[in-house]
Amino acid sequence: MSAIQAAWPSGTECIAKYNFHGTAEQDLPFCKGDVLTIVAVTKDPNWYKAKNKVGREGIIPANYVQKREGVKAGTKLSLMPWFHGKITREQAERLLYPPETGLFLVRESTNYPGDYTLCVSCEGKVEHYRIMYHASKLSIDEEVYFENLMQLVEHYTTDADGLCTRLIKPKVMEGTVAAQDEFYRSGWALNMKELKLLQTIGKGEFGDVMLGDYRGNKVAVKCIKNDATAQAFLAEASVMTQLRHSNLVQLLGVIVEEKGGLYIVTEYMAKGSLVDYLRSRGRSVLGGDCLLKFSLDVCEAMEYLEGNNFVHRDLAARNVLVSEDNVAKVSDFGLTKEASSTQDTGKLPVKWTAPEALREKKFSTKSDVWSFGILLWEIYSFGRVPYPRIPLKDVVPRVEKGYKMDAPDGCPPAVYEVMKNCWHLDAATRPTFLQLREQLEHIKTHELHL
């Protein structure tokens, strides 16, 4: 086996591990944390030609940067890798063997349901401390109270504060990976000190979306404070590390705070959601070229997801954002999964979801195609809610009997044909996104959209 690392191909993204001031004129200086893109290999394998975010090119040392990788699919990321759930006192003691002072884990309490137990190895034996849950706060001594388990563990890591020892080494639950370690390893961890949060631009059930500044660039930041919700959003962030396309909202990085906060930092989309953009401008402002361009933007993003075996599951105009220069980009990867998995259908948007996905939880690229047809209808109706004048409870029974919405007012017949093809009840007869893109490009070339 050769120990020589394979050369990074052109287009590879790297993140700087150290500052590099450059010594020669052809060098490209950079700061720790900068993202650089490889342009070409040089004769010397220790140096690459690269460019920075403003397009300046130069030579960089390979050992000063690390390649950015996607977080591996299937990696079980955890904000609390030391949390072992429902295990018994005896199981906890076996896990903390051989004894090592400061080795710890947290489990659910068996004697006091709803409470937790902190188990710590100390001078050859294991101590079990009950963590009481009272008035939405956690405490061991009823003197110091914490919002969540992460804050509690962080406190006792810095100071024993009455315990037999401070917490030194987490006993990681088998099969899980500490989220911060994994984002750092793969080059996606950002530095909180360099992020300025400026103003709230959206509120969700999970937390706020804020306009921020990261190293002089405008960014959007999802701020998730609740540890359980943050855990769910880790999956979204790890999917985003694997995806890169000009019509997908780009992840810039992730910040995992010791106290349990999670910040997902993405490019800032100045003109907001496509549905609001359409409603606020309407027919008098947006012509046929503009509507078809948005349709193609989304289709190209979905063709990329299709080619990479990802299913979005929540495609709708509310989950497409518009940039300063009027490019539509697909966002909200909260439900995006590798194509093979199934999902609970409790919270699915009925009017956008394919019948087989609602009925049998069968999600596939073809169920995304159904949703794309609905999204086309939203675009050409300037942001109307689909199935107007039909009560929500009646939508699925009517659709399953073959009902299809009429064309929106003024919708070109060729575009309406594309919509209807997306709404075949038999998923297998729906077109692929590649075919849809070709159909939309044909419409554009022959000016059938005007």
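Note: Cβ is positioned from N, Cα and C throughout, glycine not excepted.
Per Swiss-Prot, N-acetylserine is recorded for Ser2, and the stated evidence type is similarity to another entry. The annotation domain 'SH3' is assigned in Swiss-Prot to 9-70 on the grounds of sequence analysis. Summarising the annotation, Swiss-Prot assigns region 'Interaction with PTPN22' to 9-70. The feature domain 'SH2' is assigned by Swiss-Prot to 82-171, with sequence analysis given as support. Annotated phosphotyrosine per Swiss-Prot: Tyr184, Tyr304, Tyr416, in sequence order, evidence recorded as similarity to another entry. The annotation domain 'Protein kinase' is assigned in Swiss-Prot to 195-449 on the grounds of sequence analysis. Among the features that Swiss-Prot reports, ATP binding site is placed at Ile201, Gly202, Lys203, Gly204, Glu205, Phe206, Gly207, Asp208, Val209, Lys222, with the record citing sequence analysis. Look at Swiss-Prot and you will find Asp314 tagged as active site, proton acceptor, backed by sequence analysis. Sequence annotations record features per position, and here Swiss-Prot assigns phosphoserine to Ser364.
The residues of the domain 'SH2' (82-171), classed with DSSP into helix (H, G, I), strand (E, B) and coil, number 17 helix, 30 strand, 43 coil.
Put simply, Tyr416 (phosphotyrosine) is 22 Å from the residue listed as 'active site, proton acceptor' when counted between their Cα atoms. You'll find the Cα of Val209 (ATP binding site) roughly 26 Å from the Cα of Tyr304 (phosphotyrosine). All protein chains shown were included, and the count of other CB atoms within 10 Å of the CB of Tyr184 (phosphotyrosine) stands at 14. Long-range C-beta contacts of Tyr416 (phosphotyrosine), restricted to its own chain and to partners at least six residues apart, with a cutoff below 8 Å, comprise Tyr380, Ala407. For Gly207 (ATP binding site), the number of other Cβ atoms no farther than 10 Å from its own Cβ, over all displayed protein chains, is 21. When Cα-Cα distances from Tyr184 (phosphotyrosine) are compared across the recorded positions Ile201, Lys203, Gly207, Tyr304, Ser364, the shortest belongs to Gly207. Considering only the recorded positions Ile201, Gly207, Ser364, Tyr304 (phosphotyrosine) has Ser364 as its nearest partner by CA-CA distance. Look at the domain 'SH3' (9-70): DSSP puts its residues at 3 helix, 27 strand, 32 coil.
Recorded residues Ser364 (phosphoserine) and Lys203 (ATP binding site) have their alpha carbons 30 Å apart, per Cα-Cα distance.
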